[in-house]
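K.L.:
For reference, TrEMBL lists these features for the protein:
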DISULFID  17-48  disulfide bond
DISULFID  27-38  disulfide bond
DISULFID  49-65  disulfide bond
């Protein structure tokens, strides 16, 4: 079972995407802050954040997500790394 709900549910939380951000922090805490163990959760957060910006525009903001331009840069970097 995933530590967060569906994309639509997580977009509807206040703040948006917060359950996915919390899941990353919990994973890092459980794994001695080894980011490699939490990559799927990071991808899930980025998925939620991307959907948030698609729905609300690039000028929208939520504390759970990087700014839209930084998010896209990080997503592109992750895609190239795989």
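Placement of Cβ uses the backbone N, Cα and C atoms for every residue, glycine included.
Predicted automatically and left uncurated, TrEMBL annotations should be read as such.
Since the structure is predicted, the reported quantities are computational estimates derived from the model, not experimental observations.
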K.L.:
Tell me, which disulfide-bonded residues from 17, 27, 38 are within 10 Å of residue 49 (disulfide bond) if we use the C-alpha atoms?
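P.N.:
Neighbours among disulfide-bonded residues, in sequence order: 17.
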K.L.:
Spatially speaking, which of the disulfide-bonded residues 27, 38, 65 is closest to residue 48 (disulfide bond)? Use C-alpha to C-alpha, please.
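P.N.:
Comparing Cα positions, the closest of these disulfide-bonded residues turns out to be 65.
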K.L.:
Could you state the CA-to-CA distance between residue 17 (disulfide bond) and residue 65 (disulfide bond) to the nearest Å?
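P.N.:
With the alpha carbons as reference points, the distance is 7 Å.
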K.L.:
Output, ordered by sequence, the same-chain residues six or more apart from residue 65 (disulfide bond) with a CB under 8 Å from its CB, or 'none'.
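P.N.:
Counting only residues 6 or more apart in sequence, the Cβ neighbours of residue 65 (disulfide bond) under 8 Å are 16, 17, 21, 45, 48, 49, 52, 53, 71.
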K.L.:
Tell me which residues of the chain lie with their Cβ under 8 angstroms from that of residue 38 (disulfide bond), as long as they are six or more apart in sequence?
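P.N.:
Listed in sequence order: 24, 27, 28, 31.
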K.L.:
So how many other Cβ atoms are close to residue 17 (disulfide bond), meaning within 10 Å of its Cβ?
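P.N.:
25, counting other Cβ atoms within 10 Å of residue 17 (disulfide bond).
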K.L.:
Count the other Cβ atoms sitting within 10 Å of the Cβ of residue 49 (disulfide bond), across every protein chain shown.
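P.N.:
A 10 Å sphere around the Cβ of residue 49 (disulfide bond) contains 27 other Cβ atoms.
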K.L.:
Pick out which of the disulfide-bonded residues 27, 48 has the most other Cβ atoms within 10 Å of its own Cβ.
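P.N.:
The residue with the densest Cβ neighbourhood is 48.
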